[in-house]
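One structure is given here, and the rest of the page talks about it.
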Amino acid sequence: SAAATSAVPAPNQQPEVFCNQIFINNEWHDAVSKKTFPTVNPSTGEVICQVAEGSKEDVDKAVKAARAAFQLGSPWRRMDASDRGRLLNRLADLIERDRTYLAALETLDNGKPYVISYLVDLDMVLKCLRYYAGWADKYHGKTIPIDGDFFSYTRHEPVGVCGQIIPWNFPLLMQAWKLGPALATGNVVVMKVAEQTPLTALYVANLIKEAGFPPGVVNIVPGFGPTAGAAIASHEDVDKVAFTGSTEVGHLIQVAAGSSNLKRVTLELGGKSPNIIMSDADMDWAVEQAHFALFFNQGQCCCAGSRTFVQEDVYDEFVERSVARAKSRVVGNPFDSRTEQGPQVDETQFKKILGYIKSGQQEGAKLLCGGGAAADRGYFIQPTVFGDVKDGMTIAKEEIFGPVMQILKFKTIEEVVGRANNSKYGLAAAVFTKDLDKANYLSQALQAGTVWINCYDVFGAQSPFGGYKMSGSGRELGEYGLQAYTEVKTVTIKVPQKNS
């Protein structure tokens, strides 16, 4: 809203970079190889700075530091659970103190509009960390009335060294989603940040130290997937790996985990989420929300509503209004408060998306607006809408991860369920209708980890998120998000005489 935007402090459009090395044991290190790589401002294509390029040797150092911090009797293992919660709250307070700086740095490195970085990403980071801070001393085992003269109870113990590999589309937020539950439950972390967007997560490393987390509890290695990421996934002394990214890389992570030490795996992968517009939907709201569902974050959302199914009797009106809305979308400098859409994250994504647009045209979808680059420098793409999309087209099956909307026509509710579920993905789905029966029927019939009814992209730290099918395994957020970070231990004790 305009009121919220006016409350956002003005950004420094050239935020200084303080942290561009590898963070191990609460200290900054160059890569063992001394190699660096550039991180680029996607608005201009210019290099922001060089960053230390971590590889297997650096991951090994980080894992050793984490393992040492997790030894029995260490300050971290001996710490009261309530104090782990206090540290997480302290970290959230420090992020809030530096919120304006972090939001500007996120925009510089990722390209998302600064107003969104400040109001959405940073807000959700704080809420996530504070939510998990509250869980630190409240997630615990049970006593169990076992048969015989025995006393039995369970402990929820930390898994140990957790490898966490985070993506470039929500760098700070995905860092919080990973750190919150891992640290609340007493684990130690080796995190690999995306090479496109390493800067904000590395700055948070400084705040982790300032908050008072013991050395080695959190270690952060910037680097590339095939080197640093692969080293984490196949490491024999990493107990668990959590990955957010593409389904293609998800396969590699699961294989690496299986062929090494069978480490626990949670995956949050791609999607091709159906957004179903019934003919009785509130049309103004449905058009705006379907636009938001696809175009938010430059279309770079794993759960984007990227197959918009519209019932035939409102199809023409919906298409016409969606095209008008896409044409009015403001693309430009992400530091300008009027901007709705910034650049794609890098040249690779930019070219890939333009390739998908070309394939849509070649396969016979109707290009209704957009379709090309939106500026002569940087990685900006025009908001693009395709109509008359058929299920078999590449743009209807594959994740584009860009500002390209596919609109498909359907007749009946039974038909749309079959078509919506006919995908290898199952991350999210949405339904717009005023009919309670249709909403309830569809929410149960759709194969997806999240179903939104008359809304889209509504997240709360309290509600779990994750995928069916090839969109991943495990859940993040909520109480469910703690399960992946704990082992349940049963302790059974012989007693002289059991009494009820």
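Just so you know, glycine gets a Cβ as well, placed from its N, Cα and C.
Annotation source Swiss-Prot lists N6-acetyllysine at Lys35 (among others). In the three-state DSSP scheme, Lys35 (N6-acetyllysine) is classed as coil.
Marked as N6-acetyllysine by Swiss-Prot: Lys56 (among others). According to DSSP, Lys56 (N6-acetyllysine) is assigned to a helical segment. Sequence-distant contacts of Lys56 (N6-acetyllysine), defined by Cβ-Cβ distance under 8 angstroms and a gap of at least six in the same chain, are Thr227, Ala228, Ala230, Ala231.
For the recorded site, Lys61 (N6-acetyllysine), the DSSP three-state label reads helix. Residues near Lys61 (N6-acetyllysine) in space but far in sequence (CB under 8 A, at least 6 apart, same chain), listed by position: Ile24, His29, Val32. For Lys61 (among others), the entry in Swiss-Prot reads N6-acetyllysine.
For Lys142 (N6-acetyllysine), the same-chain residues lying six or more positions away in sequence with a CB closer than 8 A to its CB are Tyr153, Thr154. According to DSSP, Lys142 (N6-acetyllysine) sits in a coil region rather than a helix or strand. Sequence annotations record features per position, and here Swiss-Prot assigns N6-acetyllysine to Lys142 (among others).
Proximity of Asn169 (site 'Transition state stabilizer') to non-local residues of its own chain (separation of 6 or more, Cβ distance below 8 Å) is seen for Asn110, Asn297, Gln300, Cys301, Cys302, Val345, given in sequence order. Sequence annotations record features per position, and here Swiss-Prot assigns site 'Transition state stabilizer' to Asn169 based on similarity to another entry.
In the three-state DSSP assignment, the secondary structure recorded for Gly245 (NAD(+) binding site) is coil. Under the heading NAD(+) binding site, Swiss-Prot lists Gly245, Ser246, Thr247, Glu248, Val249, Gly250, citing similarity to another entry as support.
Marked as active site, proton acceptor by Swiss-Prot: Glu268. Secondary structure at Glu268 (active site, proton acceptor), as computed by DSSP, is strand. Around Glu268 (active site, proton acceptor), the C-beta neighbours below 8 angstroms that are at least 6 residues distant in the chain are Ala242, Phe243, Thr244, Gly245, Cys302, Phe465, Gly466, Gly467, Ser471, Gly472, Gly474, Glu476.
Secondary structure at Cys302 (active site, nucleophile), as computed by DSSP, is coil. In this view, Cys302 (active site, nucleophile) is surrounded by 27 other Cβ atoms within 10 Å of its Cβ, with every protein chain counted. Per Swiss-Prot, the feature active site, nucleophile maps to Cys302; the stated evidence is sequence analysis.
Lys351 (N6-acetyllysine) has a Cβ environment of 11 other Cβ atoms inside 10 Å. DSSP assigns Lys351 (N6-acetyllysine) to a helix in the three-state reduction. Taken from Swiss-Prot, the feature N6-acetyllysine covers Lys351 (among others), and the record attributes it to similarity to another entry.
What Swiss-Prot records for Lys358 (among others) is N6-acetyllysine. In three-state terms derived from DSSP, Lys358 (N6-acetyllysine) belongs to a helical segment.
Counting Cβ atoms from all protein chains shown, Lys366 (N6-acetyllysine) has 13 others lying within 10 Å of its own Cβ. Annotation source Swiss-Prot lists N6-acetyllysine at Lys366 (among others), citing similarity to another entry.
Taking a C-beta cut-off of under 8 Å and a sequence gap of six or more, Lys390 (N6-acetyllysine) has these contacts in its own chain: Glu363, Gly364, Ala365, Ala396, Leu408. Per Swiss-Prot, N6-acetyllysine is recorded for Lys390 (among others), and the stated evidence type is similarity to another entry.
Swiss-Prot lists Lys409 (among others) with the feature N6-acetyllysine, giving similarity to another entry as the kind of evidence. Counting only same-chain residues at least 6 apart in sequence, those with a Cβ under 8 Å from the Cβ of Lys409 (N6-acetyllysine) are Phe309, Val310, Gln311, Glu312, Tyr315, Asp388.
The C-beta environment of Lys411 (N6-acetyllysine), restricted to residues of the same chain at least 6 apart in sequence and closer than 8 Å, consists of Gln311, Glu312. Annotated N6-acetyllysine per Swiss-Prot: Lys411 (among others), in sequence order.
Under DSSP, Lys424 (N6-acetyllysine) is assigned to coil, being neither helix nor strand in the three-state scheme. Non-local neighbourhood of Lys424 (N6-acetyllysine): Thr247, Lys469, Met470, each in the same chain, at least six residues away, with C-beta under 8 Å from its C-beta. Summarising the annotation, Swiss-Prot assigns N6-acetyllysine to Lys424 (among others).
What Swiss-Prot records for Lys434 (among others) is N6-acetyllysine. In the three-state DSSP reading, Lys434 (N6-acetyllysine) counts as coil.
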Of the recorded positions Lys35, Val249, Lys351, Lys434, the one whose Cα sits nearest to the Cα of Lys366 (N6-acetyllysine) is Lys351
Excluding Gly245, Ser246, Thr247, Glu248, Val249, Gly250 themselves, the NAD(+) site's Cβ centre has within 8 Å the residues Phe243, His251, Leu252, Ile253, Leu269, Gly270
Cα nearest Lys358 (N6-acetyllysine) among binding-site residues (Ser246, Val249, Gly250) -> Ser246
Here the modified residues are Lys35, Lys358; the one whose Cβ sees the most other Cβ atoms within 10 Å is Lys35
Nearest by Cα to Val249 (NAD(+) binding site), of the modified residues Lys35, Lys351, Lys434, is Lys351
Among Lys35, Lys351, Lys434, i.e. the modified residues, the one with its Cα nearest that of Ser246 (NAD(+) binding site) is Lys351
Comparing the Cα of Lys351 (N6-acetyllysine) with the Cα atoms of the recorded positions Lys35, Glu248, Gly250, the shortest distance belongs to Glu248
